[in-house]
Amino acid sequence: MIIRFLALLFSAVVLVSLGHAQEKTHESSNWGKYFSDFNAKGTIVVVDERTNGNSTSVYNESRAQQRYSPASTFKIPHTLFALDAGAVRDEFHVFRWDGAKRSFAGHNQDQNLRSAMRNSTVWVYQLFAKEIGENKARSYLEKLNYGNADPSTKSGDYWIDGNLAISANEQISILKKLYRNELPFRVEHQRLVKDLMIVEAKRDWILRAKTGWDGQMGWWVGWVEWPTGPVFFALNIDTPNRMEDLHKREAIARAILQSVNALPPN
């Protein structure tokens with residue numbers, strides 16, 4: 001009995017050790033040069049599943065654990081909320097423009113899910129938030145284990161100006177589940193959201209991603225699909241120069257993804 005107990009205990013220790021070994025994160029300090037090239041401060045997490053064992057690399061690991069407003073990256077789960085709640089039927093559902101002139105030209109027209117995702121059309125998602133309500137939004141967020149799961153706000157949109165916050169590491173967790181259709185929503189809705197996220201596609205790979213910006217900090221999150229597996233990424237940077245800094249999000253992330261052959265060179 002004692003021998004059996006010790007054998008079981010040893011097996012448990014080995015399994016735990018292996019689990020920790022698989023979860024080990026590599027600090028890629030050399031990626032700092034890509035941030036320096038653009039005079040930017042931020043973090044990026046890259047999870048490469050093209051090999052037998054997952055490879056997780058991060059630049060600025062402490063920041064990767066810090067939570068920030070998700071801004072428009074929240075359109076990824078928010079679209080799932082809206083589909084589940086019946087606030088939108090499908091990608092062909094048209095939302096009529098109210099005629100109010102907004103700062104982004106792409107917002108000043110009728111929208112559907114595809115254009116709203118592509119143009120980051122805030123007013124469409126404001127309609128969703130109003131119909132879903134705070135209590136149901138909180139329930140969805142808790143079910144997803146999304147960041148701090150707090151949709152409260154004193155003013156403005158809770159995913160931009162409110163209390164909702166998520167880290168780069170947590171963004172990766174959500175993206176990985178979405179890739180595998182493992183989020184607690186209908187599979188067909190998850191597949192639709194992934195289709196809406198397509199930014200670029202070639203014969204061998206597909207880039208699915210979403211930007212975000214709250215005025216002070218910018219995101220670019222998503223993944224690149226290869227025949228051998230996906231490469232997930234989540235980047236955020238400070239944007240002290242506001243809109244002048246926005247191009248840096250994709251530029252830095254693309255350079256890093258190219259450095260690990262997750263995207264082809266320009």
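We number each residue from 1, going along the chain as drawn.
Heads up, the Cβ atoms here are built off N, Cα and C, so glycines get one too.
Swiss-Prot has this to say about the protein:
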ACT_SITE  S72  active site, acyl-ester intermediate
BINDING   K210, T211, G212  substrate binding site
MOD_RES   K75  N6-carboxylysine
SIGNAL    1-21  signal peptide
*asked:* An 8 Å radius from the center of the K210, T211, G212 Cβ atoms defines the neighbourhood of the substrate site; name the other residues of that chain inside it, in order.
replied: A71, S72, T73, K75, S120, A209, W213, W219, W220, V221, R249
*Report, as a single number, how many Cβ atoms besides its own are within 10 Å of the Cβ of the residue listed as 'active site, acyl-ester intermediate'.*
24
*Please tell me which one of the binding-site residues listed here (K210, T211, G212) sits closest to the residue listed as 'active site, acyl-ester intermediate', measuring Cα to Cα?*
G212
*asked:* For a quick check of packing: other C-beta atoms within 10 Å of the C-beta of T211 (substrate binding site), how many?
replied: 19
*Rounded to the nearest Å, what's the C-alpha distance separating K210 (substrate binding site) and K75 (N6-carboxylysine)? Just drop the number here, would you?*
8
*Taking only the Cα atoms, work out how far G212 (substrate binding site) lies from K75 (N6-carboxylysine), in Å, as a whole number.*
9
*C-alpha of T211 (substrate binding site) to C-alpha of K75 (N6-carboxylysine): distance in Å?*
9
*asked:* Using a 10 Å radius around its CB, how many other CB atoms surround G212 (substrate binding site)?
replied: 24
*Cβ neighbours within the same chain of K75 (N6-carboxylysine) - under 8 Å, at least six residues apart*: A116, M117, S120, Y125, K210
